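S.K.: Have a look at this one.
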Amino acid sequence: MLEIKPRNIANAQITVPGSKSYTHRILIASGLSDGLCTIENALKSEDTLLTLGALKHLGVKTDVNDNNITIHGTKGILSPCDTPVYLGNSGTSVRLLTAVAALGKGTYTLTGTERMAERPIQDLLDALRQMGVSACSVNNNGCPPLEITGGEIKGGKVGLKCKISSQYLSALLLIAPYTREGLEITVTEGPVSKPYIDMTVDVMKQLNVELARDGYNFFNIPGKQVYKAGSYLVESDCSNAGYFWAAAAVTGGTVKVRGISRDSRQGDVRLTEVFETMGCKVVQEKDGLVVSGGKLSATEVDMADMPDMVPTLAVVAAFAEGTTVIKNVAHLKAKESDRLTSVATELSKMGIQATCTDTGLIIRGGNPHGAEIDTYNDHRIAMCFAVAGLSVPGVFIRDEKCVEKSFPNFWEVFEELKN
Ligand SMILES: O=C(O)C1=C[C@@H](OP(=O)(O)O)[C@@H](O)[C@H](O)C1
Ligand SMILES: C=C(OP(=O)(O)O)C(=O)O
């Protein structure tokens, strides 16, 4: 358990690691590419290393060095693997690699933690089946463990429900170029978490693959294409930057997160816009995005496109005057923990009235007090409640090591938050 001590932050400058979402995608696309790829500023955390390990199981040669990761592309020719591929509680790894396994040889078993065995994937399995792939949930409950049998995929038209996770669509998009006749994907529900689709398309285009789209509901990806090998620089992670902007918001200090641009395709950068409406000042500088705290007032906001920033916003809302309403985030129930319940429970322990509805959270701002925070093996709960501890005494974070999922050096960087 870790005690967080309140502090004044006059003017801090922080560097966060590379984006988790971009790292997963570029590792996979590189593994399918036609040659040697060099990836700089990749995030090396529990989840991204699980993706890398799984790629090795599929026959991809990789080298992790201090400055970069090199990947020897397989042109989509993957090896069979008769041992289960363990993917922890990394939803991105499981969803994206389920589709990759469909390109392989023989049957692959994908497993994870107990919580992973509760995180849904049936809509993606259904889409793969429409494409002729044998893809099933071993316990027949629409969740991992999964068995996927790889082989050549003809392609064609496919309908996909994307109300629970955008990762299903990212998964199909990433493998579509490797189908014989290409894929025409129609999204029949959703998608939620739209910016993650833009990140997927961005990576595909950077590796020279062609595709056409109509917004977020129709995608046409020609077949028989291969990702072109090259060098790739992963931009800084905006979700991880969010904790430090939140630190400025709750302490009234100023924090610059280096290397982040307001124009990033990572949707979570827009948390700064939400903070602006709550009374913070946001300035784009050449070398980073700066947030300064002010008097905070409540907000009403649709967070469907920024699900990972909901816990962070909820903690900041606890310090704001008035009642904050966070809408359209039912998909938070299927994350590392049921985040609507975890956030409401832990805020209540701090004396804040917080209620979950079926699709969101209602938080009455006030004067939170210290508490021992349970983290539910959920990195984002640990990191956002640490932010609350910068402003009120007596906040203790239980099982603080869970941050390793996405931000292994979080606590060191957090220590840099001082004058
Ligand atoms: O594709 C991705 O990299 C991610 C998509 C989002 O999930 P959903 O699409 O399931 O909301 C997000 O919560 C997750 O942390 C990363
Ligand atoms: C939901 C998350 O990740 P994943 O879905 O990859 O487990 C997250 O990082 O907040």
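Think of each number as a place in line: the chain as shown, counted from 1.
The backbone N, Cα and C atoms fix where each Cβ goes, glycine too.
Heads up, TrEMBL stuff is auto-annotated, nobody curated it.
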S.K.: Which candidate from Gln167, Gln206, Gln266, Gln284 does TrEMBL annotate alongside Lys20, Gly91, Arg119, Arg339, Arg380, Lys405 at the phosphoenolpyruvate binding site?
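M.R.: Among the candidates, TrEMBL records only Gln167 at this phosphoenolpyruvate site.
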S.K.: Near Gly91 (phosphoenolpyruvate binding site), meaning Cα within 10 Å, which of Arg25, Ser193, Asp308 (recorded positions)?
M.R.: none
S.K.: Between C-alpha atoms, which of these binding-site residues comes nearest to Lys20 (3-phosphoshikimate binding site): Arg119, Gln167, Arg339?
M.R.: Gln167
S.K.: Do you know offhand how many angstrom separate Arg380 (phosphoenolpyruvate binding site) and Lys335 (3-phosphoshikimate binding site) by C-alpha?
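M.R.: Arg380 (phosphoenolpyruvate binding site) to Lys335 (3-phosphoshikimate binding site), Cα-Cα distance: 10 Å.
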S.K.: Can you give me the average pLDDT across the domain 'Enolpyruvate transferase' (10-413), rounded to a whole number?
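M.R.: A mean pLDDT of 98 is what the predicted model shows over the domain 'Enolpyruvate transferase' (10-413).
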S.K.: For a quick check of packing: other C-beta atoms within 10 Å of the C-beta of Lys335 (3-phosphoshikimate binding site), how many?
M.R.: 24
S.K.: Taking each of Arg119, Asp308, Lys405 in turn, which of these recorded positions have a Cα lying within 10 angstroms of the Cα of Lys335 (3-phosphoshikimate binding site)?
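M.R.: If one measures from the Cα of Lys335 (3-phosphoshikimate binding site), the recorded positions that come within 10 Å are Arg119, Asp308.
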